[in-house]
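Undergrad: Just dropping this structure here.
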Amino acid sequence: MNKIYCILFLSAQCLVHMGKCEPNQKPSRLTRSAKNVLLEQEPMVERSTRMSNPWKAFMEKYDIEKTHSSGIRVDLGEDAEVGNSSYRIPAGKCPVFGKGIVIQNSEVSFLTPVATGNQKLKDGGFAFPQANDHISPISIKNLRERYKENPDLMKLNDLALCKTHAASFVMEMDKNSSYRHPAVYDEDKKICYMLYLSAQENMGPRYCSKDAENKDAMFCFKPDKNETFDHLAYLSKNVVNDWQNKCPRKNLGNSKFGLWVDGNCEEIPYVQDVQAKDLRECNRIVFEASASDQPTQYEEELTDYQKIQEGFRQNDQGMIKSAFLPVGAFNSDNFKSKGRGYNWANFDTENKVCYLFNAKPTCLINDKNFIATTALSHPQEVDNEFPCSIYKDEMEREMRKESRNMSLYNVDKARIVLPRIFISNDKDSLKCPCAPEHITNSTCNFYVCNCVEKRAEIKENNEVAIKEEFKQDYQYAQGESKNQMLLIIIGITGGVCVVALASMFYFRKKAHNDKYDKMEQADGYGKPTTRKDEMLDPEASFWGEEKRASHTTPVLMEKPYY
């Protein structure tokens, strides 16, 4: 067995070494003379071909399509069954800071409870009506008192607790429904509001009336980020509990979003520019242009205002669902954005221009005249701390990794492999073949090496792609990597099978030998109080009988009780 394990171990080591090898790995670069004497003593410096992005982890929360996965301006990204009907409900995974609902030509706040009983339709808002159990609005202090026996809820931050509270209530008419109410959290007053209505926009003379005097007509409303909503956060049932780590909140000062292109963060070339007097206005503009799940068409039957009025007065969900609990986007277009839209912007504080774009940013450019913002971000809060050491730290990590690989595989140690990072606040670490250029607007004192040929470029759709002349190298490397991975998987699978077969053979042989070993235990035979199945020794004599004739074939016998 030890030999088998040694063989398997050596095979695994061989496969690991094969997996680590680079497809275009060059032989040792030691140069010899005619007499085989080493001429080069200085280590050779070369540039790695691997294109890694030091911003990858930092920028994960700004991948809004992945982190939020639903509309922002209007969030109706999920369907829920209630009874026999399908409703659209908010489903975003991140809070939308500063978002509220404006009821046009009305002084009523959307956080006012919906109209019930004899109230006029326009006297109410969107919030949950009064109930026997006071569940909304409710302060965070009272929420923590309410759930003090639940340690898991007590660990949640205020926004997560508000969302969880609102999502804990089910429809009376269908307790098995996945329908859950959205919520709004007031950070100034520390109050949690449950929203009775999931709809966020209803516009157009065909569907609503802006006439403030007509109190019983359907009111018009739309989402907005204005100054009165700065302290609010709109929450769906899907907001993650650790949203601080996974979602953007503060805008990024001294920064603008960019695209990582083979060693440097470059500006996004294709953008929409809009004049904006300040950051708040730019944030509001990007919110208006952001991902939206709002349907573009509605069913013609949405003109029966009397039915909707009665629905509110009688608290009849079936009557009001056409307007406020949208049934499959009003049975016309069930559009879901999945978070795709103009969700990002760079605000130029000097020229007062807001640059919008719909491509996921992959890095940050350090620029003292810019602020990077998103449609999810707070309208005013700014974090001015730029991670100045990110490039230097990544270069040191990459070089330590290369050094370990060289030591492990006995690669020529007279070789230094530099990572493909051409920007840093440590000019000497760039090892640039030309004089590095100093970035004037940088608050981090960055230098960039512009004389190394880039292997990637930005296309017209703001996507980064490898240049044609280098594609074959990376395709070959990817193919080799897949082949090596396949070899490793095959090797591991084969090794497991060999170990299993060897183990089975070993234990079967051991069990077989144990049976024969009992033939040497003649002294124990014939004891009247013992009942065992044993192999009969040819010299044994049971119960006064003569010896057995067979001296070659052991026989399994059972001793009777006396």
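Glycine is no exception: its Cβ is also placed from the backbone N, Cα and C atoms.
This is the feature table in Swiss-Prot:
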DISULFID  Cys94-Cys247  disulfide bond
DISULFID  Cys162-Cys192  disulfide bond
DISULFID  Cys208-Cys220  disulfide bond
DISULFID  Cys265-Cys363  disulfide bond
DISULFID  Cys282-Cys354  disulfide bond
DISULFID  Cys388-Cys444  disulfide bond
DISULFID  Cys432-Cys449  disulfide bond
DISULFID  Cys434-Cys451  disulfide bond
CARBOHYD  Asn84  N-linked glycosylation site
CARBOHYD  Asn176  N-linked glycosylation site
CARBOHYD  Asn226  N-linked glycosylation site
CARBOHYD  Asn405  N-linked glycosylation site
CARBOHYD  Asn441  N-linked glycosylation site
REGION    519-543  region 'Disordered'
SIGNAL    1-21  signal peptide
TOPO_DOM  22-484  topological domain 'Extracellular'
TOPO_DOM  508-562  topological domain 'Cytoplasmic'
TRANSMEM  485-507  transmembrane segment
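In the displayed structure, how are the listed features positioned relative to their neighbours?
TA: Cβ environment of Cys94 (disulfide bond): Ile64, Thr67, His68, Val239, Val240, Trp243, Lys246, Cys247, Pro248, Leu376 lie under 8 Å away, each six or more residues apart in the same chain.
According to DSSP, Cys162 (disulfide bond) sits within a helical segment.
Here the Cβ of Cys208 (disulfide bond) has 19 other Cβ atoms within 10 Å, regardless of which shown protein chain they belong to. Annotation note: Cys208 (disulfide bond) sits in a coil segment as assigned by DSSP.
All chains included, 22 other C-beta atoms sit within 10 angstroms of the C-beta of Cys363 (disulfide bond).
Around the Cβ of Cys282 (disulfide bond), the number of neighbouring Cβ atoms within 10 Å comes to 27.
Other Cβ atoms within 10 Å of the Cβ of Cys444 (disulfide bond) number 18 in total over all chains.
Classification of Cys432 (disulfide bond) by DSSP places it in coil, neither helical nor stranded. Sequence-distant contacts of Cys432 (disulfide bond), defined by Cβ-Cβ distance under 8 angstroms and a gap of at least six in the same chain, are Phe422, Cys449, Cys451, Val452.
The Cβ of Cys434 (disulfide bond) has Cys449, Asn450, Cys451 as same-chain neighbours under 8 Å, each 6 or more residues away in sequence.
Under the three-state DSSP scheme, Asn84 (N-linked glycosylation site) falls in the coil class.
Sequence-distant contacts (6 or more apart, same chain, Cβ under 8 Å) of Asn176 (N-linked glycosylation site) comprise Val170. When secondary structure is read from DSSP and collapsed to three states, Asn176 (N-linked glycosylation site) falls in the coil class.
Its Cβ placed at the centre, Asn226 (N-linked glycosylation site) has 12 other Cβ atoms within 10 Å.
Counting every protein chain shown, the number of other Cβ atoms lying within 10 Å of the Cβ of Asn405 (N-linked glycosylation site) is 13.
In the three-state DSSP scheme, Asn441 (N-linked glycosylation site) is classed as coil. Annotation for Asn441 (N-linked glycosylation site): spatial neighbours Asn366, Asp367, Lys368, Asn369, criterion Cβ-Cβ under 8 Å with sequence separation of six or more.
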Undergrad: So what's the mean pLDDT when you look at the topological domain 'Cytoplasmic' (508-562)?
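TA: Mean model confidence (pLDDT) across the topological domain 'Cytoplasmic' (508-562) is 47.
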Undergrad: How many Å lie between the Cα of Asn84 (N-linked glycosylation site) and the Cα of Cys265 (disulfide bond)?
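TA: It is 52 Å, counting Cα to Cα.
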Undergrad: Using Asn405 (N-linked glycosylation site) as the reference point, find which of the disulfide-bonded residues Cys208, Cys220, Cys388, Cys444 has the shortest Cα-to-Cα distance to it.
TA: Cys388
Undergrad: Which whole-number value in Å describes the distance between the Cα atoms of Cys265 (disulfide bond) and Asn226 (N-linked glycosylation site)?
TA: 33
Undergrad: Any idea what DSSP makes of Cys363 (disulfide bond), helix, strand or coil?
TA: strand
Undergrad: Would you mind reading off the Cα separation of Cys208 (disulfide bond) from Cys444 (disulfide bond), to the nearest angstrom?
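TA: Between the alpha carbons of Cys208 (disulfide bond) and Cys444 (disulfide bond) there are 53 Å.
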